[in-house]
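Chemist: Annotations for this protein, taken from Swiss-Prot, read as follows:
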ACT_SITE  E256  active site, for ATPase activity
BINDING   Q138, Q143, R202  ATP binding site
BINDING   D401, E458  Mg(2+) 2 binding site
REGION    30-94  region 'ssDNA-binding'
REGION    131-301  region 'ATPase activity'
REGION    328-352  region 'Binding to the portal protein'
REGION    360-559  region 'Nuclease activity'
MOTIF     161-167  motif 'Walker A motif'
MOTIF     251-256  motif 'Walker B motif'
Amino acid sequence: MEQPINVLNDFHPLNEAGKILIKHPSLAERKDEDGIHWIKSQWDGKWYPEKFSDYLRLHKIVKIPNNSDKPELFQTYKDKNNKRSRYMGLPNLKRANIKTQWTREMVEEWKKCRDDIVYFAETYCAITHIDYGVIKVQLRDYQRDMLKIMSSKRMTVCNLSRQLGKTTVVAIFLAHFVCFNKDKAVGILAHKGSMSAEVLDRTKQAIELLPDFLQPGIVEWNKGSIELDNGSSIGAYASSPDAVRGNSFAMIYIDECAFIPNFHDSWLAIQPVISSGRRSKIIITTTPNGLNHFYDIWTAAVEGKSGFEPYTAIWNSVKERLYNDEDIFDDGWQWSIQTINGSSLAQFRQEHTAAFEGTSGTLISGMKLAVMDFIEVTPDDHGFHQFKKPEPDRKYIATLDCSEGRGQDYHALHIIDVTDDVWEQVGVLHSNTISHLILPDIVMRYLVEYNECPVYIELNSTGVSVAKSLYMDLEYEGVICDSYTDLGMKQTKRTKAVGCSTLKDLIEKDKLIIHHRATIQEFRTFSEKGVSWAAEEGYHDDLVMSLVIFGWLSTQSKFIDYADKDDMRLASEVFSKELQDMSDDYAPVIFVDSVHSAEYVPVSHGMSMV
């Protein structure tokens, strides 16, 4: 009999704001069949035994026999006793150019494995178990789906939660690819060389445990690379652009893509390698890591814009997690609660539900970053993106952060429309190729175009000369000065802290609308660093810092003059709703003065300030 839900004891942290993301196990459908009590999972609609012991009995481990003396049983035969046929004396590895006495059954089985990767995996792929020795791989449902997609599609991107066993399924696919294809080079890329080497080790194990009739001969069997006698090879590399340049790969596998720094540079090197062949493959797998480059790759794949086939799997794909500590099926209720309590809800969503949360400590909240949309426009020859053309009756303010090193950091100029209550980014100059000698002339061109708008310049090493040239040489009177000697603003800890805090409020409260794609991308990797804010390793923050200058300026009294406002208090503009709520909560006390005495009449929920 089903038990009623106790709202005090049966709360789950995933169920927030009235949304039921996980049902209590007492609400699941049940049935009795074949002497087993079955419970229907809410995740895949399949029936599972109530007891974990029954689940293990139905999915029992299958050991692979050690067959080295019965070649007629070719499905498991390895000629281990013949050292002349072994590579470097290793019993599980066949030496190159060893002749195989093929039978019709062997040929048919070989073709079946070539054409059906799932059959190949479930029939011949094995792992070494710490207790049972060599056992057959038991594929999970998601692993079967992944194998089918990777095999049939040219470009695949997989958004997966942690600890699903993705390395195992990728290793099986790589082993299948090099065993059944001639002259194919495979490159494994990861954040670190040790991570790509781990994937290669798992692939080597999959090849090593194949029976002799499926295993190609070994030419090289090194720590960082292998080569087979069919001409195929696999190499493990760190994800630097130099790793793939000069090589021609038939397939590239990128592991933990979301955690690779400077991925843009690596991606520019990878694309020509893949595009060199019409059938070249690329496979990307990762757990999300905030809203960085992988978020863009995944979004483009889901929207069908990039040619990548998207696939995702989350924590409930591991069926052992659907049983509690008492080995009773609860559909993952206890496991998910314990995991969340051991970390945080946001971390659980990112690492176990493959959700794109903001990178830990980003200036702008992850929820806001996820809904920020950009407008795609083609920049002009100088790198200026125009989102809205200038209008004569509107008021604009510009901020400029000059690059300190040509070819490295970027010049970043933002032009903001401050006419209405909601401010809007209407133009962006973003370039790291413009010389600071000619930058004042280029900047002035756009400032004049936007109604000769005022500009606030950060006085860094090159900003001083740019501001001086703009104000004195070009006689542009719209340069906003902090003093008689400072033709702009000098960035300090205080100005940066106030500017960052103000910018966060402006964007999260929809006071400032951003249209520039690169600006939004920089926000995704602009996070807390000690007691300040900065771009994460391998990323830029020039566009964000130019907006931080605008955030600081908007808090200054002179902003009213440049924005052509009669009177403005930024807190009233940004937090109007919060201030109104405070006003309602703390209504004033009303004093009534009569002829004989004075008395007060408190308004309900009022508060006396006396």
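Any Cβ shown, glycine's included, is placed from N, Cα and C.
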Chemist: For the binding-site residues Q138, Q143, which one has the sparsest Cβ surroundings, going by other Cβ atoms within 10 Å?
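Modeler: Ranked by other Cβ atoms within 10 Å, the binding-site residues Q138, Q143 bottom out at Q138.
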Chemist: With ATP as the bound species and Q138, Q143, R202 as its recorded binding residues, calculate the greatest Cα-Cα distance and give it in Å as a whole number.
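Modeler: The span, Cα to Cα at its widest, is 16 Å.
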Chemist: Applying the rule Cβ within 8 Å of the centroid of the Cβ atoms of Q138, Q143, R202, what extra residues of the same chain belong around the ATP site?
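Modeler: Filtered neighbour residues, in order: A121, C125, I127, V137, L139, R140, G165, T168, V169, A171, I172.
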Chemist: Using a Cβ cut-off under 8 Å and a sequence separation of 6 or more, which residues in the same chain sit near the residue listed as 'active site, for ATPase activity'?
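Modeler: Same-chain residues close to the residue listed as 'active site, for ATPase activity' (Cβ under 8 Å, separated by 6 or more) are A190, H191, M195, T285, T286, T287.
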Chemist: Fill in the CA-CA distance, R202 (ATP binding site) to E458 (Mg(2+) 2 binding site), as an integer in Å.
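Modeler: About 52 Å separates the two Cα atoms.
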Chemist: Over the span of the motif 'Walker B motif' (251-256), count residues by DSSP class, listing helix, strand and coil in order.
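Modeler: Within the motif 'Walker B motif' (251-256) the tally stands at 0 helix, 5 strand, 1 coil.
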Chemist: How many other Cβ atoms are found within 10 Å of the Cβ atom of D401 (Mg(2+) 2 binding site), counting all protein chains shown?
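Modeler: For D401 (Mg(2+) 2 binding site), the count of other Cβ atoms within 10 Å is 26.
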Chemist: So for R202 (ATP binding site), how many other CB atoms are inside 10 Å of its CB?
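Modeler: So the Cβ neighbour count for R202 (ATP binding site) comes to 17.
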Chemist: What is the Cβ neighbour count of E458 (Mg(2+) 2 binding site) at a 10 Å cut-off, with all protein chains included?
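Modeler: I count 24 other Cβ atoms within 10 Å of it.
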Chemist: According to DSSP, which of helix, strand or coil covers E458 (Mg(2+) 2 binding site)?
Modeler: strand
Chemist: Can you tell me the three-state DSSP label for D401 (Mg(2+) 2 binding site)?
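Modeler: Looking at the DSSP assignment, D401 (Mg(2+) 2 binding site) belongs to a strand.
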